[in-house]
Amino acid sequence: MEGLACLSHLFVTMFLTGLGGIIAIPSITDVTMAALCPGQDQCSLAIYLSGIQQAMAGVGSVVMTPLIGNLSDRYGRKTLITLPLTLSVIPYVILAYSRETKFFYAYYVVKTLASMAGEGSFHCLALAYVADKVPDGKRTSAFGILAGVGSASFVGGTLAARFLSTALTFQVAAVLSMIALVYMRIFLKDSVPGGGVSQPLLKEVEETCAEDDSSRKRATGAFKKLPSLGDLICLLKCSPTFSQAAVVSFFNSLVDGGLMAVLLYYLKARFQFNKNQFADLLMITGVGATLAQLFLMPILVPVIGEEKLLSTGLLIGCINVLVYSIAWSAWVPYALAGCSIFSVFVRPSLCSIASKQVGPTEQGMVQGCLSGISSSANIIAPLVFSPLTALFLSENAPFYYPGFSLMCLGLAMMIAFFQSLMIRAAPPIAVGKISNSRRTDTLV
């Protein structure tokens with residue numbers, strides 16, 4: 001696509017980073033089970049620890065992602081991208097050395113801390129980088145291509161994991177993460193936020209939020225412009241479209257977080273899946289996502305619009321999760337993985353809708369706020385659905401329904417779908433719109 005050549009180094013960085021992260025996913029479930037409950041197919045402790053780790057990562061992301069996104073508006077994307085890429089290397093080095101129980105706990109602690117500090121930040125900054133380089137009309141397709149590159153790394157990672165031993169898997173993951181960091185530092189050119197035609201929203205909002213003015217005036221030094229809860233509240237109040245997108249993002253992330261926390265453990269307990277089957281399942285999903293995001297999404301966006309594409313993805317995702325909850329055969333997950341291509345349109349569509357609501361100097365902030373909202377859902381999801389899944393997979397379940405937690409996730413996705421139907425195409429915030437609104441309110 002014309003105009004995307006300037007993103008080539010970002011795409012390579014995204015691919016290498018994703019490859020290093022994804023290659024370890026099929027193995028980590030077996031490594032966790034072997035370290036905590038050797039010889040067993042069901043382990044409540046593993047489910048609980050995975051849920052706690054994901055919740056802690058969500059807590060960190062709620063604080064760090066908006067902070068890092070806003071700092072990147074001032075100091076550049078490249079400088080801030082260095083942090084999450086550096087942190088991603090350390091956990092894989094530990095498991096590359098040994099997967100004994102004591103080393104697993106060391107990995108668990110370091111991974112949790114690294115996720116709290118940097119998880120979600122790289123994707124937030126990558127989205128802001130794309131928004132810096134690509135005009136409004138092409139952003140949805142550009143976001144889709146970025147997600148497609150991530151999906152391509154997903155396919156490559158799961159395919160490689162299918163043929164690598166567990167020990168070699170983590171060694172390769174560590175090396176790839178290091179290469180991604182070095183490549184980014186050498187080749188990626190920093191972007192300079194600004195230069196667009198849209199008026200920055202929050203600069204107008206400051207006039208309507210007197211309580212935020214006083215706190216900003218008291219702040220000094222480099223942190224005087226860091227995002228506050230008031231900034232997010234003002235953004236939600238002054239942009240109905242962003243508010244609706246935020247609700248959709250929350251419930252969609254709640255479902256994604258729940259599936260991330262419990263799905264692999266559910267499949268292992270229900271159908272005795274192992275590393276190779278996990279890799280096959282993830283590879284099917286990744287191939288479909290890659291083809292859809294790279295080739296199908298650029299065609300569909302101009303035809304049906306990003307709002308309808310968002311709703312379509314949520315509806316199909318809802319149906320998939322509900323069918324997962326009543327899966328009666330080990331073949332069902334494979335069929336569902338092949339039918340999930342539309343669900344990958346949700347995130348790029350949301351990011352594009354949100355990016356059009358602010359000016360060019362606040363792309364890092366708005367993507368950071370959206371990621372922070374998603375992260376708050378990732379805090380709640382494992383705390384709720386990990387114990388619920390462990391209960392219904394155990395012999396102490398109040399009634400027999402192993403997929404009960406997945407059914408609840410499907411209902412949450414349904415809420416996101418109905419909310420997405422309320423989103424309508426809206427132009428970016430116009431110059432003077434907020435200040436005119438303030439003058440009207442004052443006269444009233």
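Glycine too: its Cβ is placed from the backbone N, Cα and C atoms.
These features come from TrEMBL:
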{"type": "TRANSMEM", "residues": "7-25", "note": "transmembrane segment"}
{"type": "DOMAIN", "residues": "13-428", "note": "domain 'Major facilitator superfamily (MFS) profile'"}
{"type": "TRANSMEM", "residues": "45-68", "note": "transmembrane segment"}
{"type": "TRANSMEM", "residues": "80-98", "note": "transmembrane segment"}
{"type": "TRANSMEM", "residues": "104-130", "note": "transmembrane segment"}
{"type": "TRANSMEM", "residues": "142-164", "note": "transmembrane segment"}
{"type": "TRANSMEM", "residues": "170-188", "note": "transmembrane segment"}
{"type": "TRANSMEM", "residues": "245-266", "note": "transmembrane segment"}
{"type": "TRANSMEM", "residues": "278-297", "note": "transmembrane segment"}
{"type": "TRANSMEM", "residues": "309-328", "note": "transmembrane segment"}
{"type": "TRANSMEM", "residues": "375-393", "note": "transmembrane segment"}
{"type": "TRANSMEM", "residues": "399-418", "note": "transmembrane segment"}
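Tertiary proximity for the transmembrane segment (45-68) is limited to same-chain residues at least six positions away from its ends with a CB under 8 Å from its CB atoms, namely 29, 32-33, 36-37, 80, 83, 108, 111-112, 115-121, 124-125, 226-227, 232, 257, 260-262, 265, 364-365, 368-369, 371-372, 374-383, 385-387, 389-390. Remote same-chain partners of the transmembrane segment (399-418), defined as residues 6 or more beyond its termini with a Cβ less than 8 Å from a stretch Cβ, comprise 247-248, 250-252, 254-255, 258-259, 262-263, 266, 269-270, 311, 314-315, 317-319, 321-322, 324-327, 385, 388-389, 392-393. Through the fold, the transmembrane segment (245-266) approaches residues 29, 42-43, 46-47, 50-51, 54, 58, 236, 273, 278, 310, 314, 317, 321, 324, 346-347, 350, 353-354, 369-370, 373-378, 380-382, 384-386, 389, 393, 402-403, 405-406, 408-410, 412-413, 415-416, 419-420, 423 of its own chain, all at least 6 residues removed from its boundaries and within a Cβ separation under 8 Å. In this chain, the transmembrane segment (104-130) lies apart from the transmembrane segment (309-328): fewer than three C-beta pairs between them fall below 8 angstroms, excluding pairs fewer than 6 positions apart.
Taking the domain 'Major facilitator superfamily (MFS) profile' (13-428) as a whole, pLDDT averages 82 in the prediction.
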